[in-house]
2 protein chains.
Amino acid sequence: MDATHDPKRRSFVASANGHADFPVQNLPLGVFSPKGGEARGGVAIGDSILDLGAVAHLLPGDACSAAEAAAGDALNAFFALGAGPRRALRAALSDLLAEGSAQEAALRPNLYDAADCTLHLPARIGDYTDFFAGIHHATNAGKQFRPDNPLLPNYKYVPVAYHGRASSVRVSGTAVRRPKGQRKPAKETVPSYGPSRNLDHEMEFGIWISTGNAQGEPIPIGRAAEHIAGFCLLNDWSARDIQGWEAQPLGPFLAKNFATSISPWVITPEALEPFRIAQPPRPEGDPKPLDYLWDEQDQARGALDLAVEVLLQTKQGGPFRLSLSNTSHLYWTFAQMVAHHSCNGCNLQPGDLFGSGTISSPTEDGFGALLEITLGGRKPVILPNGEERRFLEDGDTVIFRARAQRDGFVPIGFGECRGTILPAS
Amino acid sequence: MDATHDPKRRSFVASANGHADFPVQNLPLGVFSPKGGEARGGVAIGDSILDLGAVAHLLPGDACSAAEAAAGDALNAFFALGAGPRRALRAALSDLLAEGSAQEAALRPNLYDAADCTLHLPARIGDYTDFFAGIHHATNAGKQFRPDNPLLPNYKYVPVAYHGRASSVRVSGTAVRRPKGQRKPAKETVPSYGPSRNLDHEMEFGIWISTGNAQGEPIPIGRAAEHIAGFCLLNDWSARDIQGWEAQPLGPFLAKNFATSISPWVITPEALEPFRIAQPPRPEGDPKPLDYLWDEQDQARGALDLAVEVLLQTKQGGPFRLSLSNTSHLYWTFAQMVAHHSCNGCNLQPGDLFGSGTISSPTEDGFGALLEITLGGRKPVILPNGEERRFLEDGDTVIFRARAQRDGFVPIGFGECRGTILPAS
């Protein structure tokens with residue numbers, strides 16, 4: 001922990017002080033366009049966004065290089081610099097934006113009202129990989145097929161993952177068109193092509209890759225955390241009826257690749273430092289991870305204590321909370337995901353994106369997908385205004401939020417990951 | 001068919017006439033570096049490569065624009081132009097390179113000896129998708145798990161596919177390091193991490209995407225073929241022991257994503273026009289494809305008659321033929337793959353790459369993977385020099401070739417897709 005985490009530090013940007021998401025202790029990075037302007041890198045501070053390229057000349061050494069690398073329309077070059085320049089940028093920005101900053105006058109013209117800006121994907125995503133590290137979700141989903149044996153034998157050894165579609169990842173706020181596809185309900189003998197009837201959300205954490213590795217050279221678990229540039233919220237929209245029919249034997253494909261939504265701000269590992277916790281001990285009888293996934297320090301500090309919330313806003317009302325869970329329910333750490341993904345020599349690249357898998361809690365109030373909440377659509381959820389949902393309807397908006405809170409530190413948030421369902425075309 | 005297919009047409013580049021792969025009737029596109037030079041787009045003609053950017057000014061209208069779009073270090077911009085400019089470029093190059101061309105003197109300085117050039121990936125691959133359209137392979141692979149019921153119920157309705165890894169696709173000639181990973185042979189009770197013992201090849205066809213589609217807007221089957229820029233050979237290297245342990249329930253991941261090899265030249269739909277055939281009729285009792293996958297013209301002309309060959313060169317000898325199959329054994333057309341991939345609104349982009357799935361013939365002499373040839377390693381194949389193989393050994397080189405041949409036309413080839421196995425690190 002350092003001066004950037006000091007709870008007494010306040011910003012001259014008044015809206016930052018007490019801001020639910022973006023106090024001066026957060027300083028997340030993203031890509032935005034001011035009204036009528038080009039896309040560029042920025043940092044969120046309260047209700048404003050600071051233009052990084054425009055203030056780079058005010059920053060020293062590594063922080064200046066980092067701001068310059070973040071000045072374009074994607075943060076890949078910034079991610080490629082790794083942890084050192086990212087930390088230098090954070091330290092310098094924290095000083096610059098603090099109350100009493102000597103540079104307040106120089107910064108003011110480069111602060112934009114976030115409400116007037118458009119936010120973009122923060123990076124060009126090379127490859128997108130979706131993990132399955134939410135053990136309660138894996139158990140709940142597995143129960144629908146194998147009630148007595150929901151987790152497959154590999155689950156507690158392998159951080160299971162599959163490749164997703166990079167081209168269809170979209171920034172929060174982008175509407176999501178209900179996909180069409182092949183569905184074959186059990187009561188029908190042949191499939192038909194049409195709009196998905198069982199559209200769902202999946203509440204996931206997103207992990208941005210910073211520096212990569214050369215093909216053929218695994219990243220050791222002890223260095224894996226250094227390869228993470230930051231985190232976001234991720235909605236792995238899922239068409240359950242398409243998934244149920246298509247996914248054997250090679251996994252989900254069209255059930256997922258029509259759209260994935262992410263929150264626009266990259267919350268850095270440094271901002272989350274106060275909210276690090278030990279990986280919760282595995283239940284009695286679970287195997288110890290294999291050596292290439294085991295690191296004492298990662299076990300001691302590799303998990304995060306973050307509340308993650310799913311809200312549903314319908315055309316009639318809301319937003320209503322559908323679930324509240326915590327990132328500590330993930331069975332694998334983020335470093336274990338990096339080490340596993342590269343353990344065969346697969347080359348990761350700056351700007352790759354991982355999804356964590358759906359973060360469900362052990363109890364119903366924290367289930368991260370309607371599949372789990374409604375038992376695959378068999379038991380509707382009743383919303384506070386009396387509406388029922390088995391799956392998502394056209395016009396529904398799903399909103400994810402996350403919040404980090406710990407005594408002695410200023411809480412920070414992630415901003416929203418939001419998407420509204422449009423009718424099938 | 002047009003003048004570019006005229007079997008009487010010869011090139012002033014003498015090595016092109018009678019060339020096994022690249023006569024003037026082929027004219028495939030790729031990216032190469034002359035010795036000491038930058039990467040740039042080129043066209044293969046016999047044993048030479050013509051620098052496209054350098055000769056663009058000799059070309060008229062659309063052909064000139066196409067050559068300029070192909071002048072850089074990746075063909076994505078050229079692919080994005082679509083079929084019209086690609087056809088114009090082909091027609092112009094065919095004239096320019098023909099015997100008696102008025103431009104011979106202007107072209108000569110821009111022809112490089114292919115043996116002195118380095119070939120690169122032809123495009124920046126946005127997303128890589130691997131289909132499973134080789135029905136004999138799907139049957140053979142399925143038999144190992146379900147001897148009585150090898151094909152799952154969805155196979156004849158869904159062009160099954162999964163997302164692969166774009167970052168680890170490499171051009172022919174790049175060595176492939178044996179991956180490490182988690183393996184759990186049936187006789188062991190817990191998995192261990194180490195070098196794959198069951199490394200395999202998969203003989204596939206690669207499909208390059210030309211123009212894409214907007215997210216949410218499916219490509220209709222009647223227009224799907226227009227979205228294909230060309231074809232290559234693709235080796236979907238597979239670690240069977242890693243695959244067997246990791247792949248449930250979400251499909252193959254580390255068993256495949258350590259490396260995929262492709263041949264460097266993009267063989268255009270126009271070059272393959274003479275080798276188009278009707279999609280072979282489905283066996284009696286198989287369902288007709290759903291409407292979104294059904295197009296009369298695609299059925300009449302959507303398949304290809306191309307011989308595809310797998311050779312193995314060991315440290316002791318070879319190359320020995322392992323199999324000879326034909327692209328007509330694919331159960332789905334390439335247009336059906338495009339239509340299916342986008343039928344949910346998933347957005348394809350110029351430079352996306354599809355694999356066809358392993359192209360096995362119904363008989364053992366055309367099995368496209370060692371998994372099939374050796375019954376999962378239980379029955380070794382004996383090579384002509386007496387060596388045995390169950391799976392690939394360090395130092396083995398796998399070579400794919402393809403050849404299109406039809407009475408009345410000049411045969412064309414694809415060049416090689418080749419990779420040598422390096423020991424695990």
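Backbone N, Cα and C atoms are what each Cβ position is placed from, and that goes for glycine too.
In TrEMBL this protein carries:
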- A:His137: active site, proton acceptor (ACT_SITE)
- A:Asp130, A:Glu202, A:Glu204, A:Asp236: Ca(2+) binding site (BINDING)
- A:Phe132, A:Arg146, A:Gln243, A:Thr358: substrate binding site (BINDING)
- A:Asp236, A:Lys256, A:Thr260: Mg(2+) binding site (BINDING)
- A:25-122: domain 'Fumarylacetoacetase N-terminal' (DOMAIN)
- A:135-421: domain 'Fumarylacetoacetase-like C-terminal' (DOMAIN)
- A:172-195: region 'Disordered' (REGION)
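Taking the features listed in TrEMBL, we show where each one sits on the structure.
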| residue | record | Cβ contacts under 8 Å, 6 or more apart |
| --- | --- | --- |
| A:Asp130 | Ca(2+) binding site | A:Ala161, A:Tyr162, A:His163, A:Gly164, A:Glu204, A:Asp236, A:Lys256, A:Phe354, A:Gly355, A:Gly357 |
| A:His137 | active site, proton acceptor | A:Glu202, A:Gly357, A:Thr358, A:Ile359, A:Ser360, A:Phe367, A:Gly368, A:Ala369, A:Glu372 |
| A:Arg146 | substrate binding site | none |
| A:Gln243 | substrate binding site | A:Pro252, A:Ala255, A:Lys256 |
| A:Thr260 | Mg(2+) binding site | A:Tyr128, A:Gly164, A:Arg165, A:Ser168, A:Val169, A:Arg170, A:Leu234, A:Asn235, A:Asp236, A:Trp237, A:Gly355 |
Given the recorded Ca(2+) site (A:Asp130, A:Glu202, A:Glu204, A:Asp236), which additional residues of the same chain have their Cβ within 8 Å of the Cβ centre, ordered by sequence?
A:Met203, A:Leu234, A:Asn235, A:Ser238, A:Lys256, A:Thr260, A:Gly355, A:Ser356, A:Gly357, A:Thr358
A 10 Å Cβ contact count, applied to the binding-site residues A:Glu202, A:Asp236: which residue has the minimum?
A:Asp236
When the domain 'Fumarylacetoacetase N-terminal' (A:25-122) is classified with DSSP, how many of its residues are helical, how many are strand and how many are coil?
47 helix, 22 strand, 29 coil
When C-beta separations to chain B are restricted to under 8 angstroms, which of the recorded positions A:Phe132, A:His137, A:Glu202, A:Asp236, A:Thr260, A:Thr358 qualify?
A:Phe132
The region 'Disordered' (A:172-195): DSSP-derived helix, strand, coil residue counts:
0 helix, 10 strand, 14 coil
In sequence order, which residues at least six apart in the same chain have a CB under 8 Å from the CB of A:Phe132 (substrate binding site)?
A:Ala138, A:Pro159, A:Val160, A:Ala161, A:Tyr162, A:Gly357
Would you count the other CB atoms within 10 A of the CB of A:Lys256 (Mg(2+) binding site), including those on all shown protein chains?
27
What is the set of residues, excluding A:Asp236, A:Lys256, A:Thr260, whose C-beta falls within 8 angstroms of the centroid of the C-beta atoms at the Mg(2+) site?
A:Asp130, A:Gly164, A:Arg165, A:Glu202, A:Leu234, A:Asn235, A:Trp237, A:Ser238, A:Asn257, A:Ala259, A:Gly355
